[in-house]
Structures are given as C-alpha cells and as structure tokens.
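Chemist: I grabbed these lines from Swiss-Prot:
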type: DISULFID; residues: C72-C99; note: disulfide bond
type: DISULFID; residues: C74-C88; note: disulfide bond
type: DISULFID; residues: C78-C98; note: disulfide bond
type: SIGNAL; residues: 1-19; note: signal peptide
Amino acid sequence: MRTLTILTAVLLVALQAKAEPLQAEDDPLQAKAYEADAQEQRGANDQDFAVSFAEDASSSLRALGSTRAFTCHCRRSCYSTEYSYGTCTVMGINHRFCCL
C-alpha cells in the first residue's frame, strides 16, 4: 500500500512538473488574446450612441433646477466625470447608461 502511495505521489509530481512549462508557454498566448479582446472592447465602445435631452432627464435633476442639456452614452463603465443613470442593452449585452 505504501508503494502505491509513493508511486502515485511521484506520478503527480512528474505531471505537475510537465504541466508548468506548458502553462508558461500559454501565458504569452493568453496575453495576446486578452489584448485582442481589449481592443475589440475599445472598438465596441467607439460604437456608442449618444442621447441628448434637456428637460426630461429625471425628476431629481429637475428638482435641482438644472436646465443644461445632458449627453448620455451606453458604455461598460462610466468615466469619472459621468454618472450612471441605469442600464442599457447593446447587442444583447447590458451596459451602464452614463450621462455627463
């Protein structure tokens, strides 16, 4: 029984040692795939649409007496100068409705 346990441990260590170099080789590929995905997401953000409205913004904004026009975009995340006023769906993916 001890022999079986030792052989199993040696086999697992050998498999783990063989798997680590494969994982190291995959890291550059994963980094390239991540970069490509990030560029696609940036491209998708370039396809945002803008919505402008002056008085129909929301009741809380009207209560503040704001009369300036708002520009809103549907994005994955809002910029630091924008506020999230809910969600919107673009091509079946939910995003934030960000207004300036």
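Count begins at 1; order follows the chain as displayed.
A Cβ is built for glycine as well, from the same backbone N, Cα and C atoms used for every other residue.
Just tell me what is around each of these and how deep it sits.
Modeler: In the three-state DSSP assignment, the secondary structure recorded for C99 (disulfide bond) is strand. The Cβ neighbour count for C99 (disulfide bond), using a 10 Å radius over every protein chain in view, is 20.
Its own atom aside, the Cβ of C88 (disulfide bond) has 18 Cβ atoms within 10 angstroms in the protein chains shown. C88 (disulfide bond) carries a strand DSSP state (E or B).
Around the Cβ of C78 (disulfide bond), 18 further Cβ atoms fall within 10 Å across all displayed protein chains. Classification of C78 (disulfide bond) by DSSP places it in coil, neither helical nor stranded.
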Chemist: List only the single closest residue to C72 (disulfide bond), chosen from the disulfide-bonded residues C78, C88, C98 by CA-CA distance.
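Modeler: Nearest by Cα distance to C72 (disulfide bond): C98.
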Chemist: Check the Cα-Cα distances from C88 (disulfide bond) to the disulfide-bonded residues C78, C98, C99 and tell me which is shortest.
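Modeler: So, of the listed disulfide-bonded residues, the one sitting closest to C88 (disulfide bond) is C98.
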Chemist: Quick one: pull the CA-CA distance for C74 (disulfide bond) versus C99 (disulfide bond), whole Å only.
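Modeler: Cα to Cα, C74 (disulfide bond) and C99 (disulfide bond) are separated by 9 Å.
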